[in-house]
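**Q** Sharing a structure, written as structure tokens. Questions coming.
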């Protein structure tokens, strides 16, 4: 590819002397011709190879890392940004905004999957997804320019970004589909580690933007570069780099299909998979993301109400906790990559421990009624200040929430440490162990529907969770939201205990081969 582009550049540059400026530099027309020639040579058709295409896998892993960075950048500052632009925005509307991301992903994923099957090429799909994410981040950055409609701009931007991030499944699957069987574990390890590293880098970058504070740098009358808008601007730059990589560096390449024909007689056939075991995996995936999205939705709000933090304090606190969580995630992914974890503990035990750890978080941070004291509260109507829009008053606004006077406080350090450690350990273990176990339960089946249901169950948790939990939090306080989370996780544990012996890989047997004996035809 590089040789072709170099030859094009040299050919185009050999233009008549009169078309060049006197100082010898190429004219604008020549530059446009060179760029057009380079773009015309970009192939959108996949190629075949006899070896694993490591350069392409590295590029896809880098793109996956960039997507993980973009997702983790928005975890903490989104509610403060919404409240900064629109003081009347409610937690319920914020729940809709969080759900919009997963809704865009859920709706667009089947379309992109169908497009991929029909075109047999990934490059056009990746370009469309990257452009959509660029548009979504740019809209988020410019939300302040919409004034009264700023909250709707944020909601639409998250839906557009969610639509574009449907390409994440392509990044994850390319490593497995483009590598030889002997190289597949290494390829998948590179892909998953890049995702974990992106989840760690994102909060670190957002922590840098935190120093811009809310005032930041004025760009226009209503748009500022500050602690909230630095992240989407960085995401726009990341997607521009991604577009360049897809156009000029990435080459879609797969190992020669002849390998599968040569090894066909060594294939294994699986017996029908256990449907109840699949149901347990699907519900566990739903419960996992349902539990995580609670903190994504009300985590920052909870800090501001429970500990009387302002927007700046809550963002900093959550970023530090998220940074620690990302570090644990990255460490655990490397442990799975370089060590055989199943020598010490099997996948079923890992899943059970992870669900129990998530339940432990909600038990430890529940505002039990026998705790002493009350949280700080105030009435916004009794002053000239608005809800959470100042630094002189903070806590629970009794004019917004009717439960402020009955909620008991919890220890700040207990909450932060439990959040960072339990979620930082349980989430990556669940992602790796549950996904692997689910594939083993399915066995060597060609039925793609169960895997689609696995993705759907996770998306359902991220769509239903923010809407339902924000409603419960607004009406009844954190107790009801936490109680619902505990009920869902307890149901998941009960299913695991009931079907524990059936949560095993599908039974397989080697495909029988029939060979004709040598014979000779002789004349009588």
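Every residue, even glycine, has its Cβ placed from backbone N, Cα and C.
Since this is a predicted model, take the numbers as computed values, not measurements.
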**Q** Would you please say which range out of 350-371, 372-393 has the annotation transmembrane segment in TrEMBL?
**A** 350-371
**Q** Among 12-36, 187-211, find the range that TrEMBL records as transmembrane segment.
**A** 187-211
**Q** Which one of 268-288, 289-309 shows up in TrEMBL as transmembrane segment?
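**A** Residues 289-309 are the ones TrEMBL records as transmembrane segment.
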**Q** Give residue numbers and ranges for long-range contacts of the transmembrane segment (231-250): same chain, 6 or more residues beyond its ends, CB-CB under 8 A.
**A** 1, 5, 38-39, 42, 55-56, 59-60, 62-63, 66, 69-70, 73-74, 77, 123, 126-127, 130-131, 133-134, 137-138, 140-141, 157, 205-206, 209, 225
**Q** Are there three or more C-beta pairs under 8 angstroms joining the transmembrane segment (350-371) and the transmembrane segment (453-474), sequence spacing 6 or more?
**A** no
**Q** Please indicate, using numbers and ranges, the residues of the same chain that are 6 or more beyond the transmembrane segment (57-79) and have a C-beta under 8 Å from a C-beta there.
**A** 91, 94, 97-98, 126, 133, 137, 154, 158, 161, 165, 167-168, 170-172, 174-175, 178-179, 187, 190-191, 193-199, 201-203, 205-206, 227-228, 231-232, 234-235, 238-239, 241-242, 245-246, 249-250, 296, 299-301, 315, 318-319, 322, 326
**Q** Can you name the far-off residues of the same chain, 6+ from the ends of the transmembrane segment (350-371), with a Cβ under 8 Å from a Cβ of it?
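**A** Sequence-remote neighbours of the transmembrane segment (350-371) are 284, 287-288, 291, 306, 341, 407-410, 414-415, 418-419, 422-423, 425-427, 429-430, 433-434, 437, 477-479, 482-483, 485-486, 489-490, 492-493, 496, 500, 503.
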**Q** For the transmembrane segment (91-112) against the transmembrane segment (289-309), do we get 3 or more Cβ-Cβ pairs below 8 Å once near-sequence pairs (under 6 apart) are dropped?
**A** yes
**Q** Compare 152-175, 187-211, 289-309 by their Cβ pairs under 8 Å to the transmembrane segment (412-441) and return the stretch that comes out on top.
**A** 289-309
